[in-house]
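J.: For Asp414, the entry in Swiss-Prot reads active site, 4-aspartylphosphate intermediate, with the evidence type similarity to another entry. Per Swiss-Prot, Cd(2+) binding site is recorded for Cys22, Cys25. What Swiss-Prot lists as domain 'HMA' is 11-74, and the listing cites sequence analysis. According to Swiss-Prot, the feature transmembrane segment maps to 105-125, 129-149, 163-179, 335-355, 363-383, 671-693, 698-720, an assignment based on sequence analysis.
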Amino acid sequence: MDSSAKTLTEDKQVYRVEGFSCANCAGKFEKNVKQLAGVQDAKVNFGASKIDVYGNASVQELEKAGAFENLKVFPEKLANSSMQAVKEDTKAPKEEKIPFYKKHSTLLFATLLIAFGYLSHFVNGEDNLVTSMLFVGSIVIGGYSLFKVGFQNLIRFDFDMKTLMTVAVIGAAIIGEWAEASIVVVLFAISEALERFSMDRARQSIRSLMDIAPKEALVMRNGQEIMIHVDDIAVGDIMIVKPGEKIAMDGIIINGVSAVNQAAITGESVPVAKTVDDEVFAGTLNEEGLLEVKITKYVEDTTISKIIHLVEEAQGERAPAQAFVDKFAKYYTPIIMVIAALVAVVPPLFFGGSWDTWVYQGLAVLVVGCPCALVISTPISIVSAIGNAAKKGVLIKGGVYLEELGAIKAIAFDKTGTLTKGVPVVTDFKVLNDQVEEKELFSIITALEYRSQHPLASAIMKKAEQDNITYSDVRVEDFTSITGRGIQGNIDGTTYYIGSPRLFKELNVSDFSLEFENKVKVLQNQGKTAMIIGTDQTILGVIAVADEVRETSKNVIQKLHQLGIKQTIMLTGDNQGTAEAIGAHVGVSDIQSELMPQDKLDYIKKMKAEHGNVAMIGDGVNDAPALAASTVGIAMGGAGTDTAIETADIALMGDDLSKLPFAVRLSRKTLNIIKANITFAIGIKIIALLLVIPGWLTLWIAILSDMGATILVALNSLRLMRVKDK
């Protein structure tokens, strides 16, 4: 990182913003902040209602930059602590929900004046003073906030949607169209209110995440159990979690057994059995036993805190579609102003048209040109999709990755820990000699492997524990590790060997026949590591160990193929026989074996050259270079490792693949909805503008087309909150 970038990061200040009414206003606020002295850069996160300021600026300066919308700005830490203090102060009155009639009183009053205006119109006539005054009252009351911003924009020659509306209303009033001017004001206010409502609904998914973890925990201090706020809990403290309580902090169980519902973090609906040395996460539910948990992270570093932070950051990342809309809107509004002026002036000047008629048509063009629907077409979709994904245990770190995942043509899977569980288990055990019983032989194997450093020894120890096979009374002498071959040890005067077929070939064991060797090869061809137990005279048995394939892997690959992703490739460092056995079992379309980390990286680059958009899924640790090189890097088990959350573009918080097809479906649906929104928003404008040619465009049609498009686009985007994990 260069020094300027480093300085920029160090001077970053994050503020919460209250009062955003639309995405366009957020963009304008960002522009104003960037122009402040001492500010090097600024970035508004409309989805999270935040702004990142790089440089030095006071809260007063920031609020002045947002005065056009009466924005209120709070430093993030202060905002969070204030919100928390209000929540926890039991004496403080609960925040009352503002009734609809109070929240929108000016809008309701303006609508009432319109109703009375039309009543007066029918009774007293159109040109009656009372009728006109009622419509004027509706315009002034309903359009006060609109005009306040619109006039400021006109003075600065800053053309946005409020400028268009202000000019349209003033123009309509000048030519005496009081009724239609008041209708434009009220319908525009309704449109803005609906936009705010839609965005608040989309943001609610993140607010609900913030309330998942308790804010206090029962902690053991000086031999006493006391309730402490999570901000005051330190790493190393012992937390007591009773049955039915939510876990407040991340930690490791030091005492107790329970089933913990981790749906809030991983999306898994089935409770997970937890015992001593298992990790637990803040926000998860302890369903059964009493647990004593040693705290391993401060509150700001817990998994749920990182998820919330990264999801908010993700919502602020502009997706390619949003970048297109922002760029388009920048030129769109001035072009609409020019078209409206031409419509109003050209026909009367050059073709003898009526000034009243064509000025009216020009004003209608201004109203049609309001880009409300276009501006919200992408942000509501992105916020809804990312929030929904987070609730289902899929952490997507930006709109750009959401879009790219929907366009992938191939997915590469790291084998170990992704398609397989990453933990070796005993799959086969056969006694081949009548001189020894099965339990006795396994006891000998366990006693020898207990002294071994071989990675597969843990599988044998676990199997012995499950089958209650004791080995502590088996005395092993002269234990030796035979590098690359196996192990040996003396038990009751007999030397036993455990190792590869190669070891027993070298020992010239008499019953190592071709038939036996073929049986071993059958196990090896199934992707298992076969080990032989025997003496230098005879073979006593064979034991096979394998990295067990996940139950969900085959189904996930099938679902991806059904979604049209035909290229599913397994990358592994295993030998070809093992790789082919596992690959055939799960159903991947291609297998690449005996790969080093650099080979995986090179293969991903090759895939990108062939297929364009390529995703790579792994554990985010030893395959980090390949994840980084892919179009979209997806990490498994994000709940258990900070590395996975930090390095990947997308993290599956649960330690299984079942969320991957859901993530692909959600991203594709998001892409389709964004495209449909943009097409519809632009299409409805074009249709309305074409009504100018026969002179059919009215202010009524213009504002209704704009409001209708805004409502439909918002509702269409909110559908993404309801996409289910099938």
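Positions of Cβ are set from backbone N, Cα and C atoms, glycine also.
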J.: Pop the mean pLDDT for the domain 'HMA' (11-74) in here, whole number is fine.
T.: 83
J.: Please count the residues of the domain 'HMA' (11-74) that DSSP assigns to helix (H, G, I), strand (E, B) and coil.
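T.: Going by DSSP assignments, the domain 'HMA' (11-74) contains 22 helix, 23 strand, 19 coil.
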J.: With a 10 Å radius around each C-beta, find which of these recorded positions (Cys25, Asp414) has the fewest other C-beta atoms nearby.
T.: Cys25
J.: Give the distance between the Cα atoms of Asp414 (active site, 4-aspartylphosphate intermediate) and Cys25 (Cd(2+) binding site), rounded to the nearest whole Å.
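T.: One finds 45 Å between the Cα atoms of these residues.
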J.: On the three-state reduction of DSSP, what should I expect for Asp414 (active site, 4-aspartylphosphate intermediate)?
T.: strand
J.: May I ask for the residues of the chain that lie six or more residues beyond the transmembrane segment (671-693) and have a Cβ under 8 Å from a Cβ within it?
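T.: Same-chain residues near the transmembrane segment (671-693) but 6 or more away: 319, 321, 324-325, 339, 343, 361, 364-365, 368-369, 371, 373-374, 377-378, 381-382, 403, 406-407, 701-702, 705, 708-709, 712-713, 716-717, 719-720.
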